[in-house]
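So that you can see what the record holds, here are the features copied from TrEMBL:
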BINDING   D:ARG48, D:LYS54  NADP(+) binding site
BINDING   D:ARG125, D:SER126, D:SER127, D:ASN241, D:ALA242, D:GLY285, D:LYS300, D:PRO301, D:THR302, D:SER303, D:SER304, D:ARG326  FMN binding site
Protein chains: 4
Amino acid sequence: MSFNTFGHLFRVTTWGESHGPALGATVDGCPPGIEISEEFIQVFLDRRRPGQSKMTTQRQEPDQVRILSGVFEGKSTGTPIQLMIENTDQRSKDYGEIARQFRPGHADVTYHQKYGIRDYRGGGRSSARETAARVAAGGVAQAVLKALVPDLRITGYMVQMGAKHIDRARFDRDEILRNPFFIPDADVVAEWADYLDAIRKGHSSVGAMIEVVAEGCPPGLGAPIYAKMDSDLAAAMMTINAVKGVEIGEGMAAAALSGIENADEIVMGPNGPEYLSNHAGGILGGITTGQPIVVRFSVKPTSSILTPRRSVNTAGEEVEVITKGRHDPCVGIRAVPVAEAMMACVILDHLLLDRAQTGGVRGRIG
Amino acid sequence: MSFNTFGHLFRVTTWGESHGPALGATVDGCPPGIEISEEFIQVFLDRRRPGQSKMTTQRQEPDQVRILSGVFEGKSTGTPIQLMIENTDQRSKDYGEIARQFRPGHADVTYHQKYGIRDYRGGGRSSARETAARVAAGGVAQAVLKALVPDLRITGYMVQMGAKHIDRARFDRDEILRNPFFIPDADVVAEWADYLDAIRKGHSSVGAMIEVVAEGCPPGLGAPIYAKMDSDLAAAMMTINAVKGVEIGEGMAAAALSGIENADEIVMGPNGPEYLSNHAGGILGGITTGQPIVVRFSVKPTSSILTPRRSVNTAGEEVEVITKGRHDPCVGIRAVPVAEAMMACVILDHLLLDRAQTGGVRGRIG
Amino acid sequence: MSFNTFGHLFRVTTWGESHGPALGATVDGCPPGIEISEEFIQVFLDRRRPGQSKMTTQRQEPDQVRILSGVFEGKSTGTPIQLMIENTDQRSKDYGEIARQFRPGHADVTYHQKYGIRDYRGGGRSSARETAARVAAGGVAQAVLKALVPDLRITGYMVQMGAKHIDRARFDRDEILRNPFFIPDADVVAEWADYLDAIRKGHSSVGAMIEVVAEGCPPGLGAPIYAKMDSDLAAAMMTINAVKGVEIGEGMAAAALSGIENADEIVMGPNGPEYLSNHAGGILGGITTGQPIVVRFSVKPTSSILTPRRSVNTAGEEVEVITKGRHDPCVGIRAVPVAEAMMACVILDHLLLDRAQTGGVRGRIG
Amino acid sequence: MSFNTFGHLFRVTTWGESHGPALGATVDGCPPGIEISEEFIQVFLDRRRPGQSKMTTQRQEPDQVRILSGVFEGKSTGTPIQLMIENTDQRSKDYGEIARQFRPGHADVTYHQKYGIRDYRGGGRSSARETAARVAAGGVAQAVLKALVPDLRITGYMVQMGAKHIDRARFDRDEILRNPFFIPDADVVAEWADYLDAIRKGHSSVGAMIEVVAEGCPPGLGAPIYAKMDSDLAAAMMTINAVKGVEIGEGMAAAALSGIENADEIVMGPNGPEYLSNHAGGILGGITTGQPIVVRFSVKPTSSILTPRRSVNTAGEEVEVITKGRHDPCVGIRAVPVAEAMMACVILDHLLLDRAQTGGVRGRIG
């Protein structure tokens, strides 16, 4: 990773500000000959798109992706793929106050301190709109993975929103894309909607916990010691706006376990080793085991709220800040497709790294 | 990060296996003219050293670091610093069984699947002995930080071991280095020692939670969007052996908070903005605020236990594995100096990145 | 460098194909607060623009650059700068033949062998049109250098075209931008024009030698051993289409010199050491001396010629290839502004690297 | 490349100074399961070793390489390979003068200006002794290439020394390793030896031109636009001490050619396309064609000569410098094995990059 680029070999550089003419992703290192289309990528973008319900920001953005390079006659050529999304709904308004004030919980103050200048319109570069570019890049990664690892399936969903937790006994994967919260349980959707609505009407917001699982990932991906699959996943998730914690498998709960409990015992299955549990979350020593990769991360509550909060302005004067505008009361919701995109990029990146070093050949067992 | 290197500009490449002749770190990008000595680095290594109490592995390693290059007449020259630690206590033993079996919870199986070959002696490259090299590199980072940011102080300590949690009301920094657990509370040391001893005698092990805090870090360090201070810290901690989760500030608990609760309100102090709370853990938008940087991470229980666990061997036969040998019942303990080293490296790295891009000039407030 | 990116800290990723909708450069790592405008960059692009005389390709491209991100209210913000140039003159034609045939001297055959697919329209990614994106990125670098090193001046010019060599005794810097060849000698322009015209009418093309000089570069830039100023410059020039050789200072001629001749003796001047000669081309041990940096490189003759040449097609059949179309008889001409752009990027990159590691402080002499 | 590391995936970091306790190379990214031994690497080091004839420095260094990590039971494990060479012949002497003076043509002055400190003993980091570490790393690359591309053969030799040029009509590969100059012509060895001896006795030195050829390299290696095979080779050669120019195929001579002359016509051979000439030096558009890769580079005359030269010292006083000591009168000689090592590393690196992106599958012709 370097500044605005992530990935070792499948390298994604995002660019663009919330209220500039466009934003996008420059994707380098894509394998050639892969079927990629704007339509395929658009499906992922549509999941993240704002303005779809009152649960997410009312900003209306079609978020139409255009492929400007790197794809020829429907297939990737191996050269950089430029994905551009034009910003269309940049409401003209008076930015006078926001230009001078620092919104608590936002990067306004740190951008100002670091750069001495910032595009204050809608948060500029630090806006969650940047994640649209990631989702587009993730669409490219998904297209490549579909060709190279057809059995791989990446699924993200919400497991907690404020005081609400899902009941894992009622987990229903088919429900995830049918409700605006990406909850794997149809029965609680109405309840969670009311809960969130009350928070919004109370001029507040709420945090969330997201889980992303990759099933069908082959063993052997990852690389000790500093390009581990888990450290790359942790970094990838932590780069998503508002994320404050990341865990793999048992995660933070591992601190309370004993070694006897935590051991994932192994037996021999018809196609190789099988594990009797998955406390490890699919990764041992930074390398995939072939079990599902399980990642969870927390998203802090939206910092833009209508309740006044104390802050200062560029002149060093104390002010009260109320953040009006079109804001998600739970930014964690739209983090779901973003996290899926990041996981797709990381897994593909490691697939390429692995075939570079090992040729993709696996050490045999049995 | 690439394979065995971490850092953008302050680049650390560790090398070596548990039972090879030596291990070490190649440190590139160190600023010139910094006072660095083997004695200064040794202090950090001595904290991590095994064999200091019955709480940690009984392997006896003096872990004496030698500086082979990059330091001349007591000062760094700006060229690569090679830090070598010779392995002296490589007990000869019969590795027949361990060579063929995969210890549950260890990287044995994934290394075998990925590489088709592994140095099975003591875990080879995946052994926690590798972290000695990080601590040595961290010593170099600490020397540079001491010169460039004299007020910076990095402190790691244990906050949880299995069922035991510290009482933050009794936090005493001075106690941390006085007990073998790095606990900031003298009164519970005996109790935790008994607890851990019972676990060890029960042929099991236990997980832990570590917290590392950096005070005095200037604002403006970090870089959006993919070289954020928090994502680099998360990656750095997640590369430490057995770590399963990382969080910044409120961390995973942020999922349950409201936006009103989570806002870190700002007032104007004599030297710039001051914050009324630190839910953010010192980082906003990937850039430091000047508040303490607060990182926590979980360490899974030691996988090497005397209780037999089911597994398979290279021939694909099912076996029972008992891991004898000299193992810490709580590997989290020795993760404390390792985490401090990683944090020192990450902060220094971002200090260098920042002065590259901005010249170290800060945007003024007031 | 990685695939389509160059630079350590000032990182330029170019994207786009000759006949796609657009091409451009994603510039990351730009210092903040620098005055940058489309007009400033356009000046450099206009120098490289095709269709300006019969000496260069007759393709008509306005090559208008648009800044899509990273610049706010006329200044860089420190976030990625996206520079886009739309392709407008994509003549529709039958690409049937070129799609199947490999033009000798072109990358057609190697792209096909490597990727199994290629955008054959106008050379696709391997077209010299890609260099427009570099020139735009170089414009950003020039804007930064203007602010940080006001005395730096980068000048490129042609020193040889086929059998024609400049007479250094008649060197006139002011002439360079007044003639379509970038020759520093007004008196030979007509002669060189006739020479080139005859070559073109003979259905052939011709090579060239370009020299680029940077005056006013501070000492101390560069970094042993593998990020040397000279190795980075050599790599940068060698990435320009059709370049076959690069040399610094005495260059290839150094092979014939004696150590007595080659020594650049040093005396003490009012502002530090001064050199009595510059065989070194301004670089010692990979680090700048403060003398002019002198780089020369050769450009092979345009491979697209009207004279039939033997080749094969994708079916493995032997064919005769005649490359019609709008081609420069001497691609070396337009390499001049491209080389200036590359040099600006490399010097800026090393300026940033240097202030990262040393803080920009120089060891004193006297 | 970053500071002291080169390579994208096969990453070599060299460390160590001329008169420190040791120097070496940390090699990361090596494929697993490759037979590697100290003996295999030593063969390459012995070719570069000083003290073998009066033509090279009389410093006596056994240059015995030790493998400290990454090789287990005779095979690479995929983890970092640490190659260490101890310095044994560090003659104690008075460094007073050299510590204060800047030798013309050496990096003394630029290291001082950049870092403010330098290990002045024997040139410290800028000494050609650093190239021993490259040759050791090149030995690892050669071992991997032997396994993955058995038909590849890399051959370096001298083509010019001062006023002496080889006669290509008399080229005899078998002679190269039989004479101390790596000349491919037994008949001129005595003459060149007398020539060099006279130069040495005249208290001077002389430059050289080296050619390195890789035969049997598969097509499709390299990557547009900024990780081209030719730009990576140019950078690699330019990092070698005293190199001032690099060229591929026709190289600088391409400036004088016409497009008709320069075209490498293609016919269909039994195993794919065949070329009727190789002006391109085996590379088109940055990607290998399958023809021999031909690289040439110039080496400036040794800067350490007994003839007094004017210079300054750290106090800013003008001095006369005579460089006594054990110096090669032609440093180009020992550059031959170094260049072979660099080429082996670059080709292997691109082999790994290629199989990452394309899986090593080639687009078919016919």
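The backbone N, Cα and C atoms fix where each Cβ goes, and this holds for glycine too.
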Would you mind checking how many other C-beta atoms are within 10 angstroms of the C-beta on D:LYS300 (FMN binding site)?
30
Including all protein chains displayed, how many Cβ atoms other than that of D:SER127 (FMN binding site) lie within 10 Å of its Cβ?
20
Counting Cβ neighbours within 10 Å across all chains shown, tell me which of the binding-site residues D:THR302, D:SER304 comes out on top.
D:THR302
Inside 10 Å of the Cβ of D:ARG48 (NADP(+) binding site), count up the other Cβ atoms and send me the figure.
24
Report, in sequence order, every one of the binding-site residues (D:ARG48, D:ARG125, D:SER127) having a CB within less than 8 angstroms of a CB belonging to chain B; if no such residue exists, report 'none'.
D:ARG125
Starting from each candidate's C-beta and looking 10 angstroms out, tell me which of the binding-site residues D:ARG125, D:ALA242 has the most other C-beta atoms.
D:ARG125
Name, in order along the sequence, the binding-site residues among D:ARG48, D:ARG125, D:SER127, D:LYS300 with a Cβ closer than 8 Å to any chain C Cβ.
D:ARG125, D:LYS300
C-alpha of D:LYS300 (FMN binding site) to C-alpha of D:ARG48 (NADP(+) binding site): distance in Å?
18
Where does D:SER304 (FMN binding site) sit in DSSP terms: helix, strand, or coil?
coil
Euclidean distance between Cα atoms of D:ARG48 (NADP(+) binding site) and D:ALA242 (FMN binding site), Å:
16
